[in-house]
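Below you'll find the structure, written out as structure tokens, and then a few comments.
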Amino acid sequence: MSRVEHLWERLVRAALRRERTGTDAFGQPITGIAGFVPSSLANNRVIDEILRAADEIQDEDPNVARILCEHAYSIAQNLDPNSEGRGVLQFKTGLMSVIKQKLAKREGGTIDRSQDIARLQEFYKFYREKNNVVKLREEEMKLRESAAHTGNLGELERKTLKRKRVFATLKVLRSVLEQLSAEIPEELKRMMESDVAMTEDLVAYNIIPLEAPSTTNVIASLPEVRAAVSALSYFRGLPELPADYPIPATRHADIFDFLHYVFGFQKDNVSNQREHVAHLLANEQSQLSILEETEPKLHEAAVDNVYKKSLDNYIKWCNYLCLQPVWSSSDAVSKEKKLLFVSLYFLIWGEAANIRFLPECLCYIFHHMAREMDEILKQRIAQQANSCSSDSGVSSFLDQVIAPLYEVVAAEAANNDNGRAPHSSWRNYDDFNEYFWSLRCFELSWPWRKNSSFFQKPKRRTKILLQTSGNKRQGKTSFVEHRTFLHLYHSFHRLWIFLVMMFQGLTIIAFNDGRFNSNTLLELLSLGPTFVVMKFIESVLDIVMMYGAYSTTRRLAVSRIFLRFLWFTVASVFISFLYVKALQAQNRADSFVYRLYVIVIVIYAGFQFFLSMLMRIPACHHLTNQCDRWPLIRFLNWLRQERYYVGRGMYERTSDFFKYMIFWLVIFSAKFSFAYFLQIQPLVKPTRDVVKEDNLQYSWHDFVSKNNRNALTVASLWAPVVAIYLLDIYVFYTIISAVWGFLLGARDHLGEIRSLEAVHRLFEQFPSAFVKHLHAPLANRTLNRLSNQVVEKNKVDAAQFAPFWNEIIKNLREEDYITNLEMELLLMPKNSWKLPLVQWPLFLLASKIFIAKDIAVESRESSQDELWERICRDDYMKYAVEECFYSIKYILTEILDGEGRMWVERVYEDIEASMKRRSILGDFQMNKLSLVISRVTALMGILKESETADLEKGAIKAVQDLYDVVRIDVLSVNMREHYDTWNILAKARTEGHLFSNLKWPRDADLKGLVKRLYSLITIKDSASNVPRNLEARRRLQFFTNSLFMDMPPAKPVREMMPFSVFTPYYSEVVLYSLSELQKKNEDGISILFYLQKIFPDEWKNFLARIGRDENALESEFLDSPNDILELRFWASYRGQTLARTVRGMMYYRKALMLQSYLERLGSADVEAAVSSSDVTDTRGFEFSPEARAQADLKFTYVVTCQIYGKQKEEQKPEAADIAMLMQKNEALRVAFIDEVETLKDGKVHKEFYSKLVKADVNGKDMEIYSIKLPGNPKLGEGKPENQNHAIIFTRGNAVQTIDMNQDNYFEEALKMRNLLEEFRRDHGIHPPTILGVRENVFTGSVSSLASFMSNQESSFVTLGQRVLANPLKVRMHYGHPDVFDRVFHITRGGISKASRVINISEDIYSGFNSTLRQGNVTHHEYIQVGKGRDVGLNQIALFEGKVAGGNGEQVLSRDVYRLGQLFDFFRMMSFYFTTVGFYFCTMLTVLTVYIFLYGKAYLALSGVGEQFAVRAKITDNTALSTALNTQFLLQIGVFTAIPMILGFILEQGFLRALVSFITMQFQLCSVFFTFSLGTKTHYFGRTILHGGARYQATGRGFVVRHIKFSENYRLYSRSHFVKGLEVVLLLVVYLAYGYNEGLSYILLTISSWFMAISWLFAPYLFNPSGFEWQKTVEDFRDWTNWLLYRGGIGVKGAESWEAWWEEELAHIRTFSGRIMETLLSLRFFIFQYGIVYKLDIQGNDTSLTVYGLSWVVLAVLILLFKVFTFSQKVSVNFQLLLRFIQGVSFLIALAGLAVAVALTNLSVPDIFACILAFVPTGWGIISIAVAWKPLMKKLGLWKSIRSLARLYDAGMGMVIFIPIALFSWFPFVSTFQTRLMFNQAFSRGLEISLILAGNNPNTGV
């Protein structure tokens, strides 16, 4: 047994001591048992700290380390003596092994544990002395004070880390000593007490150290923070807490302690919300005014603002339910009471977990708990609240209040069958929340009445139906999400009524030939019945759609539905009856019925119009609200529109209303003009002719066209027109919105700086524009005048602009976008007052001196004025000349003294005198300027180096040479005027001491000026193309352009609005590992190779930055761990990784630190400030305590890594990488869900915790908060649940939601202050609640597909959203990076919705929710955030499928229904066409092609088309020919490219836009967008019919992998290939049997052919190496293996056709879905019916016998198929017989066919025609059979159906594969495709790699 234990201990020790793939703060690997403490141990944080300290001191004293480990073991043993928790047994065993190991290392002798305490005490003293802790702290403080000025920042950081590490160990030693011994020597006790003060910043805290005030963190000493903390302290009216209530010695009791005791909130929730509320109050105060330093007190206004905003939703909820809030009057509530209410609300919210999605439920809980609190306050005795107390007397808010709610929500969520159950069968979050919208919710009582129907849990679903626990269970609330297309009509009935009535009216006018007479008027009056009948249909839908919620919906709402139904039933019958009677009247003018009908219509229409005015037009809302007191008006309003808690007051300012009304009137005028003149009117005469035609001979057996005036022919003519009529309004919307957006963008100055040339030209204006917009105005800024001199404003602005510009440039260099030389050229001098001019960056002045010199030499015959005029033509040449002039003077004056300085002054006086006399060309020899420049260059070249004796001599010699050149060669002035001066100089020169006392430039500014002058006079090449990198250019162009755009002025950092950034993360790539970068695909292409080719210049810059040669081999990187890490980061920053996102978002903090630092330096008078060098010295700004404190108070970054805890347990590399990111970014916080397993009563019990961590000094996680959850938080969609659990850790008034595929830029981070000020700007009646932000898609350079996606996305996120926000007022939240009003949203359900499936597009629901709750969504384009997009076709298709499916679910949602009902008509139109309407119109576009082609197929197969065409020619009926040649089909899709084109023109210029657009066409962008059309149509339609929308993990990697044919086939078979082949079939039928000339057919069908070919071959066109022969061969082999593999249990669809086929059918689950699939499949039978009557064999026989015989033939064919595919397993015993039967059958079939051809009229074309007929019939049979799969299985036909389906898939695959194989035969096709897909550099690299690989896909490079 001992042997087994020994081996077990060895195994566990090896596992626990295994190295993690990470490093600590010092770059050392993290080892040891620390960090592996199981989370199931309650005190794991303490144990972990002890073990870390043991690891730390292991080498110094193993005995003490052993003592610490033993103490940790004893704690673990006390916490879980039976080792029931998950991982506890392994941990204890491993720890015991480590202890034994430490004992074994000891030299002989036994251990006397009685001496352990003495050893600890001695070691404590030894450790203190060894590390000299007092001196350590003093050195750190001195460095902290001086580092910013000395630049010794790295040393400061090292000292701080060392001090923290030492004191962390001392803290552990102290705590262990205190626990082991109560008697500690006095001397040691004093030491320990003095050390306590130095370890306060080791206590875990988030932002503000409230539990342990810190001396190193300045944030706690800020007056606003101190005032906020003071305001939260215990006040006089609060009852005293019990004496045994624990309060830390480091702080006083506060109101949170009182609430903690009374309601039993969790400790960490209390700590979290204490900081949260203090943070809110402090920032609110700082926005009002800066407090005094001595005794700061919070202003009443600050408390009031936080109180009103936090409890605004609660107050509105009370008003809606006509309840009295907890307080009688808000004004009467004291400041302390307000803080008590706010604190209570946030404590409830902070612990509510999933119930945070139910904001009105939280209002209900708060209402009752606040009342309870009031009662306790009145009794003046602190006691635990009844509602939170259990039977055992333990108070727990979580268990007693939240858990019962969570359990019923979880039970309902479990019943959704993982999203497959109908929405109508289970309650989602909205259903639960809306229960609290009526007074009925008070039936739940307080404490909860748990036997209420609300709390009744459903039984688990069965396959048949949902069984519930009796009839008491609560059902759906107020809305049921039935799966049907009827929701589109139900939600947007006003749109459809309007379109139908307009179509009817225009058609009536057209059929009356445009004449307006009494007959026309009478026919137009038929619009009345149309209107009421359509309203009747709407009322019927109200009843139908509410099915499933009648028992739980308010009785008033149900009454309204049936009253409306009754009203519209009576109205439709009555008005229709009157109209029919009016038509029957003989004399209509005198008819009483006619007059009555007109009167009724006028009154009804007038009444409807009046109500619309009152309800919809904003200007009338005040009147409506006044009239609402009248019962009749209130009744009519209620009858017209349901009153919800949300959706009230959704109107806009009158001016805004007229803007979007005019917008839509323009669209309507264009749309209906087009409809009337180009759609309806041309069809009038042909329709009349068709109706008149008789004696038509049908080529088939006609059933329905007898005596009905050729109705089907008329329908085939009008159907495409009607379809286009319904969808073309979107086309007109697209065009008008594009033009409007273009004009708005031009007005906002977008695209004014679109080239480097513009940056150069306008650079002078940047400083003033920057100061105007981005520089906070200083309070004591004067009017730029000093007592003795006038200060130029430009100089002041340049001095303030320079540090920010330089930091931008340095960041570009750090990101490897520019070279070192380019950085030097782009940097801007500090512009101190040493030179009387603005110093511009060198890239503007480069080579200007040499051009000016040449001009001067050429201008010897000209005048001085002409010379200066020529130089001044180029402003930067003038600046370069002036700067050289003044710089030389300043430098020479500084380095020379005595006679030398006299010489400089004399020369410059002579020059200035000559300039005044206009005789500079005569007094100086300009042709000798080159000599002067060469001598100055030599001097500056020496002075820029470090001082040595030789260099000093060289400098003196250089000055002397300069003197000689100037004196002898250049000067031509009369020296007699200053004879004495020149005589002294000549004498000194002769004696050799003229320049002997040269002072070497040691001052940093002077040294910098020398270097700059040297560069200025040596750079001969123009810098007009600096920077070269396109991304660097784009960023600088956008930033400089934005300086001229309209944005709110920036406030100082201290007064700005605080904000958080919030990023959800699951398991995506954090940081590429070296192995991932080097791993080669089948082409030998690694990610690193790919990146090197895509970003060649950035790769070179990276190598230069880390000091590597450009030609260095990859293997050389392996020598240096630092270089490997740098390489990993470089690659990760170019992918869609979390590392890139974190770096980008941390720029916010960097920007705030810089702004705060410079504002603090510049807080004195501005002129005095800029005259000193400090104000623009940014060295050390990142280490300034004050700057860091301000940045941390204003900015928080939380990454919610949902499974980080699990990743840590499993030691995944992602966990180590996340830990590394936390070490790299001290302000980064990571939230995650920790799952703890414990054994209770012999059963495994899971507990879930929401945790927040940061990096500690040891490079490991420091847990800040751990809040227990009521259960598994993932009840709905993953991402919103992930956001919801962590949103409690965000801070501030705003939160920016960022996806983990986004990026940010330092220059854009500088503008965040301005963006946040938009919350205070006037944007309409409702203040902004979401600020939309522009995105830059950074993946556009990866491939042509990525470029298409980038351009499409850019068009929408810029031009599209610009129009949505203004003037349409319907911009929603379309994904990140929008900025939310945080307090508004967290009190109203959060920043997304999470119900399963229905909220799969979770982001947009936050926009819906915000708008319904009287929010306002705006859009701003002066700031941008980077965004990655999918870059491969499969990724894009999955993403678009997810979005389209999400839109399909939106159609069913209550949010869309309410917005469609409650918006005014014009906003409703905007909302429809920019959300679900876009996808419906996309689907309708495709359906139009089907309608058109099936119409043509009908005309062709029935023979009617041919007869009409002949008769049209005979009668010369050109109108009928026009109708038959309908051309306005898919070509309208061209117009949808207009937004992209106009966006290009606006931001790139016309020429570049034209080139970009033509390039895209050559890259086959039209193929891509047509293919995308099919993706959206398929997933949108299928989701509404069958459901099945789900989150698609598209993957965000680089697409350099070849996708196999079978993989593409699986993904696109049903969405594109089947539909594409159906279109091809229709086109072939139309070609074969239609009556069209060649050109006519081509013009009619070219767009349809293009669509079909795009759908069939796009996946292979855009597939890397898609046409390489070797790959094609491999693909065919793989595809056949997949097709023929039969699969079985556990086999995935990627491995077997059978498994895939079963997966493809999984979405057909409901009876209605089966019916719909059956009805849709019937269309395939028209082919056989029509074609068999066209065969030569049947002659002119049109009887049904022909059709019947065709089915006999088909049955024979199927029988033959069954014979040849008979199961091999069954036939194993009679193989010979089976083969004989198959052979005979084949011969008989062949002989029968030959006989039929020989003896009958059957022709060879007939055989092909039969194939054309039977193929679609077979597919129709398969489609119907799979829809009724259970029935087929019962009948035993399923295997046959499956065999037939396999045959069809094989056939479809071959049809697609054969052209690919043919093209693969030609090598140039593959080359062309690679060039088409990728940029030139990568294409070349790929081709070279393939050559090296010998064209073998399995060979590496």
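Cβ from N, Cα, C; glycine included.
A TrEMBL annotation is a machine prediction, not a hand-curated record.
What TrEMBL says about this protein:
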DOMAIN    336-449  domain '1,3-beta-glucan synthase component FKS1-like'
TRANSMEM  492-511  transmembrane segment
TRANSMEM  531-550  transmembrane segment
TRANSMEM  592-611  transmembrane segment
TRANSMEM  657-678  transmembrane segment
TRANSMEM  717-744  transmembrane segment
TRANSMEM  1471-1493  transmembrane segment
TRANSMEM  1528-1546  transmembrane segment
TRANSMEM  1641-1662  transmembrane segment
TRANSMEM  1744-1764  transmembrane segment
TRANSMEM  1776-1800  transmembrane segment
TRANSMEM  1806-1827  transmembrane segment
TRANSMEM  1847-1868  transmembrane segment
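It is 1847-1868 that, among the stretches 492-511, 657-678, 1776-1800, 1806-1827, 1847-1868, forms the most Cβ pairs under 8 Å with the transmembrane segment (1641-1662). Comparing 492-511, 592-611, 1744-1764, 1806-1827 for CB pairs under 8 angstroms to the transmembrane segment (657-678), the maximum falls on 492-511. Proximity of distant same-chain residues to the transmembrane segment (717-744), defined by a Cβ-Cβ separation under 8 Å and at least 6 residues beyond the stretch ends, is recorded for 499, 503, 663, 666-667, 670-671, 674-675, 679-680, 683, 686-687, 690, 1358-1360, 1362-1363, 1366-1368, 1473, 1477-1478, 1481, 1484-1485, 1487-1488, 1491-1492, 1495, 1523-1524, 1526, 1528-1529, 1532, 1535-1536, 1538-1539, 1542-1543, 1545-1546. Per-stretch counts of Cβ pairs under 8 Å to the transmembrane segment (492-511) identify 531-550 as the leading one among 531-550, 1744-1764, 1776-1800, 1806-1827. The DSSP breakdown of the domain '1,3-beta-glucan synthase component FKS1-like' (336-449) into helical (H, G, I), extended (E, B) and coil residues amounts to 83 helix, 2 strand, 29 coil.
Here the domain '1,3-beta-glucan synthase component FKS1-like' (336-449) returns a mean pLDDT of 91 for the predicted model.
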